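Just below is one structure, and these are the notes that go with it.
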């Protein structure tokens, strides 16, 4: 795992979007990604405005919004990202052949490539998925875009481990500029070959150990000790009975302290 600071990594990173993210993490002293699975735009925007000061990244699932529109959802989200200085990660989990994912990324109702700084994909269909998504990004926008590969998941019984994970890492090696890292539970190596992958870890909780649908939680210190760079937190920030502002600062501080401990500060 990396013992370099976020700023050191930002200055040397080959990906413009990864460099931008690492830099704002350093500036805001946060490695918290808020995963906000709500079903209306008003709920989403309210939570984003409250949590914005504490996060480096917002993770969305726009296909669960019952009232999604560019004018009323994407435009204010982008304005809040500028106001609070965070990036947007649409958790689309693409998993088809290259031409199909390119169309899913650029077209349809959501036109993800136009507004999401980062998206992600499964490795199950092979290297073509990276090529297709990169082409889609290049043909849609001049803004920097990045892709995360799903190497490991936090759900009980996940098949994403062992040879599957190794194969996904091999796919990531095909594009140093566009593939910026992984959704994973631990460090994925690569530094000896010149890669500096960002590791983003879901299933992080300071209080809960799991849920009835197979989610398994690990503590902030645990995930940083095995190589994470960014913690993805959802219900821990806004579930019933929790104050998003209080929890946002609590997770921000826990993540930042764990990062400082790892780099020896």
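Cβ atoms here come from the backbone N, Cα and C positions, even for glycine.
Taken from Swiss-Prot, the feature active site, proton donor applies to 93, supported by sequence analysis. All protein chains shown were included, and the count of other CB atoms within 10 Å of the CB of residue 93 (active site, proton donor) stands at 14.
Sequence-distant contacts of residue 95 (substrate binding site), defined as residues of its own chain at least six apart whose C-beta falls under 8 angstroms from its C-beta, comprise 101, 121, 122, 124, 125, 129. Under the DSSP three-state reduction, residue 95 (substrate binding site) is assigned to coil, being neither helix nor strand. Under the heading substrate binding site, Swiss-Prot lists 37, 59-61, 91-100, 217, 235.
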**OP:** With a 10 Å radius around each C-beta, find which of these binding-site residues (37, 91) has the fewest other C-beta atoms nearby.
**Re:** 37
Subject >> residue 217 (substrate binding site), number of other Cβ atoms within 10 Å >> reply: 20
**OP:** Could you round the CA separation between residue 99 (substrate binding site) and residue 93 (active site, proton donor) to a whole angstrom and send it over?
**Re:** 15
